[in-house]
Amino acid sequence: MMKKKSDKILRHTASERINHWLVAIVFVFTAISGLGFFFPSLNWFMNILGTPELSRLLHPFVGSVMAFLFIFMFFRYLKHNFIDKDDLVWAKNIHKVLQNEEAGDIGHYNLGQKGIYWTLSISLILLTVSGVIIWRPYFADYFSIPVIRIALLVHSLSAILLIITVIVHAYAAFWVKGSIRSMVEGWVTRGWAKKHHPRWYREVLEEEKKEEENKQSQK
Ligand code: HEM
């Protein structure tokens, strides 16, 4: 008798999920302390890491932890984020997407998600490089005042870009029902995969078929 297929498909492994949520938690601490330094009206945010002094001391270390943890995410998800011709169909039909309909033969991620992935990656690289340049007392002394000024500007602009991108990313994650569960519990239903990522679903079916054939040949 054929074994009935489970309705659940693995989308994110446990280590991917832990990696993602650690980055998200560390992001919140760095973003809140950073906003506290930047806007006088938000100075009280500086208490997020204890006291304003402690926040100033810890912010670059916590930021470095975020950048370090993101390296793993970057490489885990890189293969799913190359832009292909089906993404253009998605872009042309963006009006449908905004009405909650699907467009194009979407693989693991759609163009919107890929755009978020690349924006997060670029803004984190810019933040890290500029952050090291302005990091007193350890590194800033190695750079001239004009370089530090440019780095401060880059740091502020890339921080704003990162914060806005994360807000859009989190909004989209809540908007597409079933997405958050995939990053919390790891799985999605077959219906979800077929609806939002049909090409990825066909790849999953192919893999399942191969596994089944391997099992049969080993019997
Ligand atoms: C704070 C709230 C956040 C929520 C609710 C959230 C939610 C999610 C969800 C549900 C997914 C899975 C999407 C899917 O598989 O279709 C995902 C993927 C991802 N998240 Fe987040 N996330 C948050 C913060 C962050 C932060 C702070 C970063 C990095 C700075 C981040 C980077 C990513 C990346 C790189 C992926 C993989 C997407 C891709 O490769 O295109 N997330 N997130």
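Even glycines carry a Cβ here, placed using N, Cα and C.
Residues or ranges marked as domain 'Cytochrome b561 bacterial/Ni-hydrogenase' by TrEMBL: 11-186. Feature annotation from TrEMBL assigns transmembrane segment to 21-45, 57-75, 116-135, 147-174.
Below 8 A, the CB atoms of the transmembrane segment (21-45) and the transmembrane segment (147-174) form 3+ pairs separated by six or more positions in the chain. When Cβ-Cβ distances below 8 Å are used as the criterion, the transmembrane segment (116-135) is approached by residues 60, 63-64, 66-67, 70, 74, 77, 81, 109, 143, 147-148, 151-152, 154-155, 157-159, 161-162, 165-166, 168-169, 172 of the same chain, each at least six residues removed from its ends.
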